[in-house]
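> Structure below; questions to follow.
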Amino acid sequence: MEEIDNRTYWLIAVFLFVGVSGATIQARGALVPTFETYFGVSKGQLGLITPVGTVGYLVAMLALGSASGRVDIRKFLLAGVALTGLSLVLIGAAPSFLLLLGLVGMRSLSTGIFRALDRPTLSHLYPESRARVFTLQEMIWAVGATSGPILVTAILSQYSWRATYLVLAALTVPVFVLVWRLDAPTGTTNERTFELSDLRPLLSQPGVYGMIAALIVVGGIESIYFTWLPSFADATFSGWITGVVLSIYLAAYVPGRFVFSELSDQYSFTRVLVVTSILLTMLTYIAFTVAEGYMLLGSIFGIGLLISGLFPTLISMGIESMPSFSGPVNVIANVAAQVGFSTAPVIVGVLADATDIETAILVQIGLAGLLALVMIVLELGATGKASATT
């Protein structure tokens with residue numbers, strides 16, 4: 001196969017899998033009330049779904065991301081797709097909640113195998129435009145994430161929840177066939193083998209430690225919205241609108257990530273991130289202290305637009321600092337984001353119990369301000385001076 005065609009088809013394969021991954025995660029969230037009724041479990045037990053899903057993903061990230069320079073990337077990507085499809089079929093057939101949990105862990109591990117290697121692959125296939133490609137990749141995830149709950153609603157109107165997982169499994173088949181037929185991605189042999197002695201110089205790069213600090217905050221901000229925005233909507237709005245507020249927020253990720261893909265080609269990473277985080281702080285303050293009704297809905301959409309490009313742009317900043325270690329940087333980025341993702345909603349939950357959700361969600365203003373401070377410090381320091389205008 002011609003090198004250009006091979007590169008293009010790898011891009012398509014990765015994007016398709018990422019879209020299915022986004023749909024799977026958000027479909028799972030939409031099915032939580034159904035799981036509660038079907039399996040007769042408590043909300044405390046339902047709360048185990050997200051941690052189990054996160055652990056499998058991180059195990060794969062930690063095991064493979066640092067080893068991306070010494071594994072057969074094509075074979076592992078193929079295995080990740082195959083195991084993901086198999087686990088989705090098995091989830092759809094799970095006879096008990098305990099088995100469902102175990103299979104969710106298997107699915108997250110399988111998806112993690114693919115996701116640990118997809119960014120390093122794209123990084124070497126598109127070194128001249130990796131920031132734009134990463135942002136477009138996250139835009140595809142957002143398209144899948146937005147469609148996941150819609151798929152659940154459509155299927156539940158006619159069929160059992162189990163059919164959702166059969167449809168999702170079927171969507172992995174064309175990805176498997178495509179990867180099976182492709183030659184190994186070019187350039188991935190340039191990935192250096194990561195040793196423990198490389199960790200200190202890697203973490204000493206301003207682009208890497210800046211990425212870590214910022215992603216902990218960004219992970220917290222995103223997780224709070226994913227977890228608590230529906231509760232905030234229930235307390236703030238009435239009627240049908242309460243059920244679509246999270247969808248409005250997620251829908252903003254699609255155009256937002258497209259815009260960020262263009263901006264990252266024209267301006268330095270830190271400059272884009274400084275402006276975005278300042279605007280985010282201002283809009284978050286307006287949304288939760290001033291806005292009401294349609295103005296609040298518009299503000300939530302605007303917040304989604306601004307947040308949408310933070311994760312891929314920050315990862316691009318880190319990888320640009322050490323492109324030969326794209327796999328380890330990808331792992332570090334995901335672990336950092338998961339630190340914020342897993343802790344911030346708990347803090348908001350404690351505050352909501354002590355006060356109310358309208359008060360607790362004001363934490364988002366402080367987090368946005370903290371992100372702006374981190375990015376301003378990086379822009380004024382070595383990272384801002386060294387950022388590439390890709």
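Quick reminder: no glycine exception, Cβ is built from N, Cα and C everywhere.
What TrEMBL records for 7-25, 45-64, 76-93, 138-157, 163-182, 208-228, 240-260, 272-288, 294-319, 331-351, 357-378 is transmembrane segment. The domain 'Major facilitator superfamily (MFS) profile' annotation in TrEMBL covers 7-384.
Just tell me what is around each of these and how deep it sits.
A mean pLDDT of 86 is what the model gives for the domain 'Major facilitator superfamily (MFS) profile' (7-384).
Taking Cβ pairs closer than 8 Å, the transmembrane segment (45-64) reaches residues 25, 28, 32, 35-36, 71, 76, 97, 101-102, 104-113, 115-117, 327, 330-331, 334-335, 338, 341-342 in its own chain, all 6 or more past its ends.
With a cut-off of 8 Å between Cβ atoms, the residues of this chain six or more beyond the transmembrane segment (76-93) that come close are 13, 17, 20-21, 24, 64, 100, 103-104, 106-107, 109-115, 117-118, 121, 162-166, 168-169, 172-173, 175-176, 179-180.
Under 8 Å from some Cβ of the transmembrane segment (138-157) lie the Cβ atoms of residues 15, 18-31, 34, 163-164, 167-168, 247, 250-251, 253-254, 256-258, 261, 308-309, 311-312, all in the same chain and six or more residues away from its ends.
Through the fold, the transmembrane segment (272-288) approaches residues 214, 260, 263-264, 296, 299-300, 302-303, 306-307, 309-310, 313-314, 317, 358, 361-362, 364-365, 368-369, 371-372, 374-376, 378-379 of its own chain, all at least 6 residues removed from its boundaries and within a Cβ separation under 8 Å.
When Cβ-Cβ distances below 8 Å are used as the criterion, the transmembrane segment (294-319) is approached by residues 119, 123, 130-131, 134-135, 137-139, 142, 205, 207-208, 210-212, 214-215, 218, 221-222, 225, 229, 236, 241, 245, 248-257, 259-261, 263-264, 269-270, 272-273, 276-277, 279-280, 283-284, 286-287, 326, 329-330, 332-333, 337, 371, 383, 387, 390 of the same chain, each at least six residues removed from its ends.
Residues 51, 54, 57-58, 61-62, 65-66, 115-116, 202-203, 208, 211-213, 215-224, 226-228, 311, 314-315, 318, 357, 359-361, 363, 367 of the same chain, all 6+ positions outside the transmembrane segment (331-351), place their C-beta atoms under 8 angstroms from a C-beta of that stretch.
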